[in-house]
Amino acid sequence: MPKREDIKRILVIGSGPITIGQAAEFDYSGTQALKALKSAGYEVIIVNSNSATIMTDPEFSDAVYIEPLTVEFLEKIIEKERPDALLPTLGGQTALNLAVELAERGILDKYGVQLIGAKLESIKKAEDRELFKETMEKAGLEVLRSRLVNNLADALETAREFGYPVIIRPSFTLGGTGGGIAFNEEELRDIVTKGLIESPVHTVLIEESVLGWKEYELEVVRDGAGNFIVVCSIENLDPMGIHTGDSITVAPAQTLTDVEYQRMRDAAYKVIDAIGIETGGSNIQFALDPETGRMVVIEMNPRVSRSSALASKATGYPIAKVAALLAVGFTLDEIPNYITGKTMAAFEPSIDYVVVKIPRFQLEKFPGADPRLNTQMKSVGEVMAIGRTFKEALGKALRSLELDAAPKLDLEHIREHLANPTPERISYVFAAFRNGMDVEEVHELTKIDRWFLREMKACIELEEELKLKKFDVEILKKAKQWGYSDREIAEIWGVSEKEIRKMREDNRIFPVYKMVDTCAAEFEAQTPYYYSTYNGVENEAVPSDREKIMILGSGPNRIGQGIEFDYTNVHGVWSFQEEGYETIMVNSNPETVSTDYDTSDRLYFEPLTVEDVLEIVRNEKPKGVVVAFGGQTPLKIAKYLVEEKVNIIGTSFESIEIAEDREKFAKLLKQIGLKCPPFGTASSVEEALRVAENLGYPVLVRPSYVLGGRAMAIVDTPQELEMYVKEAAVVSPGYPVLIDKFLEDAIELDVDVVSDGKYVWIAGLMEQIEEAGVHSGDSACVLPPVSLSEKLVEEIEETVYKLVKALKIVGVANIQLAVKDEEIYIIEANPRASRTVPFVSKAIGIPVARIAAKIMVGRNLPELLSEYFPYPTRPGVKVDKLDESEILPTPWPKMFSVKEVVIPFHKFPGTDVLLGPEMRSTGEVMGIGEDFAEAFAKAQIAAGNPLPTTGAILATVADKDKREAVPLLAHLADMGFEIYATRGTAKALQSHGVEVKVVPKVGEGRPDVIDLLEQGKISLVVITQSSDEPALVAVSHGKEPFKVEGRRTVGYMIRTTALKRKIPYLTTVESLRAAVAAIRKMKKGSIVKVRRLTDTWKM
């Protein structure tokens, strides 16, 4: 069937901020789909609240809206743009939920918008647990016994009837949010209560447990003519009971018999037929009882998903692109296979290799959270590796995670960790075999299939053989074929990694590169997409004779290093291509645009380790390697690449080293007459206490060479310092701990700057909204700044110019400054792209990373900027010619942009929500407005924390904050809010003439502050941290992964209750001040104003 001619304009809803369960895979899917729809001749409108996405770049659509993803904002966009159709299957759960709401409220009918890609009825059948169960039973498919309940009493009765354990699944939530496994009544009460709050429709499904069964997924595609293909089968190494996003998964499935696979395939067709999926991709999950062979359907997603991104990368079959074309009427036999260029999309992919995905966790960022894995997803990212065998792929995937070795435990602890899965589970399986446990015993505790366990046990037996045959060439070859890295072999043999590399080179033991081609080499692939293997002879990655640049990606998403760096990488690739270079991308993350088959000229899906990168360099011989775009991961290996004579493009390694080494950096600042906060370094607890005593408390403690403020803290007492130093020493062994004097009440600024060696251009000058001391990645920020004088801005420009010239920056860098008493202090300089580059690019309308990349290959900065000149500058600054001075004019947009963060606290009940110098956010949103108040209010809505305009406020403010907080609370009272406060805060408010109701703290009488929150009487909580209230910290003592120190105070109880009840909360005076301005703006009139992104640049 040809494409539909009755629709011309299509609205696509993005997935919003990166959260656990909904990450970069939707930017990858969305970008792919937008390209496909545009190439088919449609006009496309995209709306997303996340600026750090390629899909919101103007070149991919006809109109881009960076606006909150709510029905109110979407209706305004529909009214303005008048699309003919809405495609909701590319933006994850967020887009599906919004499509349902727009349809049910009659908005789609009102403006004549059709749903394409999935019918409303189909979405409901797939998403509504009860309807899904009924539909499956009608189709003759077995599902688990289950019952939908909307109250605790029914849940308890159902669980008694089914027998414990039971699984609780809240309706319409993402990544299993609010769900879990209850082994007894007490756990059931807790999970159901939370689940009913988390579910937007306040229902949960109570389901019989199939803990320990095997879990499989099929990625399927169907077209309007009824053609149906299975793109990929995926097997979860972890059994049922662990969310598939937290499971290690393997493709294709390894332990299914052909008969079982055919049964599953037939069932998958019946599922999508019964649900009514006429076009597009779906993911269907099955559970299989290994003892009886009983197979049940667990669930299906009628959209592209995390698994479909994985299946696309694993097979080379672009599911999102195909799904988008099917949605507009094409059939599978009309869509080419883009990898081979010869076959059609109706051919099922076949693969002659094994793919392993492993999730990346960061539970140490959330002290107090339960580390056990269950049906609620907790991982923040994932890696994928490809090998000719399961062993090889597993070895490569494990080293892609960039994790340290697991703590050594005794057998008792190992058994406990096997029975109660935690993120380190795979390490404990290996540890069990090292300690002499057999396959049967490990299987009983973990329910991992015996085939996988035998493979893993064989690896441990190989380690024993390696110990016995030191420097044996044949055993070295075998270890490489089984996925062992040079570093692992070096550790077993007690030598350096370099020595193993030399031994390999002397004996000509090198990997070959094979192609991912969707057809097991039956047809020649047109798109060079490679993986390495030691199990092969022919090298398929034959290098061209073009001049090449190799870009190192950022590896798995994690806190502090997310999608923002992938955005920069992709822009870098495009720039180098425009300058005539062949681009080589190296990355291990299946969720990203950078690992799409058609982003770079050549893609290597490989771990980002020294060994793997050097092997690609040996094969490709690039002109140079770019380490400045992938966050900290490439920077960590830059030193070793330079030692091997690899050319680093852009800022030199010497400059990188100066910026990363505090002593060298402080010396440089002194030479050029710039200030930094007084500091010292310490290699022991005694030394640290001495340094802090000299500086005076409070001090900021941090390890060297980390990203995202790992193990960073503000410390007020010697006791706290001792505790933190022990933690920091674990994080960065061999590197001293850095201790800075903490600048209280300073304004923090973030500067993204570009230089070609001569000219210096501040692309973005951002003011942090949170107080100094909150990690810049966790603070909201505003561009342009709102509280800097003209004189101060000029001084900042001079300061940045001096520093950039001294560091010899070529390309992009990020500098953090603090301003206290009109003095400028340099906090740190990062000689690489920062996480704010996409935000700045969207705020000013100039692609910062593209310009930086071109500079790295010799282009001139004023010449590159002239394309965008004249751009708005500060009021009163008139610029006729760009290169009048070596300091190029700083952009000063007329519209205000606020970047707000999203932190997954609700996934980790028990964690304190206080912000500090350790970063914990997973994603971000952007709010754009005519003034700061409008931009801030929109950013709060986009982040899922809309500020109230009426109701009651609970205030409990620390003594140190009362002077500034009381007038702000008085403003809220004047606006009609009812104020409740604890005794001390109430007294301060009453002395300012504010009417207030006093509420007892916990233990001072009932109803107390917690009762008030639980009763739903409060619409906003204002609570700042008192200095005698220590934060909970994760401390690693080497024995256990981590434990929590600190005490759970009343403040902690209030904050966690507000989080649980979904009541907006403010924990600093700065955020209160911004909120007061935003609420005042909202009271004056609607802020539901929508503007095309490109229009905001012209104002």
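Glycine residues also receive a Cβ, built from the backbone N, Cα and C atoms like all the rest.
Feature list (source: Swiss-Prot):
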REGION    1-402  region 'Carboxyphosphate synthetic domain'
BINDING   ARG129, ARG169, GLY175, GLY176, GLU208, VAL210, GLU215, GLY241, ILE242, HIS243, GLN285, GLU299  ATP 1 binding site
DOMAIN    133-328  domain 'ATP-grasp 1'
BINDING   GLN285, GLU299  Mg(2+) 1 binding site
BINDING   GLN285, GLU299  Mn(2+) 1 binding site
BINDING   GLU299, ASN301  Mn(2+) 2 binding site
BINDING   GLU299, ASN301  Mg(2+) 2 binding site
REGION    403-541  region 'Oligomerization domain'
REGION    542-944  region 'Carbamoyl phosphate synthetic domain'
DOMAIN    666-857  domain 'ATP-grasp 2'
BINDING   ARG702, LYS741, LEU743, GLU748, GLY773, VAL774, HIS775, SER776, GLN816, GLU828  ATP 2 binding site
BINDING   GLN816, GLU828  Mn(2+) 3 binding site
BINDING   GLN816, GLU828  Mg(2+) 3 binding site
BINDING   GLU828, ASN830  Mg(2+) 4 binding site
BINDING   GLU828, ASN830  Mn(2+) 4 binding site
REGION    945-1099  region 'Allosteric domain'
DOMAIN    945-1099  domain 'MGS-like'
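Sequence features annotated in Swiss-Prot and their locations in the structure.
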residue: ARG129; record: ATP 1 binding site; DSSP class: helix
residue: GLU208; record: ATP 1 binding site; DSSP class: strand
residue: GLU215; record: ATP 1 binding site; DSSP class: strand
residue: ILE242; record: ATP 1 binding site; DSSP class: coil
residue: GLN285; record: ATP 1 binding site; DSSP class: strand
residue: GLU299; record: Mg(2+) 1 binding site; DSSP class: strand
residue: LEU743; record: ATP 2 binding site; DSSP class: coil
residue: GLY773; record: ATP 2 binding site; DSSP class: coil
residue: GLU828; record: Mn(2+) 3 binding site; DSSP class: strand
**Asked** Restricting the comparison to the binding-site residues ARG129, ILE242, GLN285, ASN301, which residue's C-alpha is spatially nearest the C-alpha of HIS775 (ATP 2 binding site)?
**Response** ILE242
**Item:** Candidates GLU215, ILE242, GLN285, LEU743, ASN830 (binding-site residues) with Cα within 10 Å of ASN301 (Mn(2+) 2 binding site)
**Value:** GLN285
**Asked** Per DSSP, what is the residue tally for the region 'Oligomerization domain' (403-541) in helix, strand and coil?
**Response** 73 helix, 10 strand, 56 coil
**Prompt:** When the number of other CB atoms within 10 A of each residue's CB is tallied over all shown chains, which of the binding-site residues ILE242, LEU743 has the maximum?
**Reply:** ILE242
**Asked** How long is the line from the C-alpha of LEU743 (ATP 2 binding site) to the C-alpha of GLU299 (Mg(2+) 1 binding site), rounded to the nearest angstrom?
**Response** 52
**Prompt:** binding-site residues ARG129, GLU208, GLN285, GLU299, GLN816: which have a Cα within 10 Å of ASN830 (Mg(2+) 4 binding site)?
**Reply:** GLN816
**Prompt:** Around GLU208 (ATP 1 binding site), how many other C-beta atoms are within 10 angstroms of its C-beta?
**Reply:** 18
**Prompt:** Just the number: how many Å between the Cα atoms of ARG129 (ATP 1 binding site) and GLN816 (ATP 2 binding site)?
**Reply:** 49
**Request:** Between any two of ARG702, LYS741, LEU743, GLU748, GLY773, VAL774, HIS775, SER776, GLN816, GLU828, the residues recorded as binding ATP 2, what is the biggest Cα to Cα distance in Å?
**Result:** 18
**Request:** Provide the number of Cβ atoms within 10 Å of the Cβ of ARG702 (ATP 2 binding site), excluding the reference atom itself.
**Result:** 23
**Request:** Run through the Cβ atoms and count how many others sit within 10 Å of the one on HIS775 (ATP 2 binding site).
**Result:** 22
**Request:** Please work out which residue of GLU215, GLU299 has the most C-beta neighbours within 10 angstroms of its C-beta, and give that one of the binding-site residues.
**Result:** GLU215
**Request:** Within 10 Å of GLU299 (Mg(2+) 1 binding site) by C-alpha distance: pick out those among the binding-site residues GLN285, ARG702, GLU828, and say none if nothing qualifies.
**Result:** GLN285
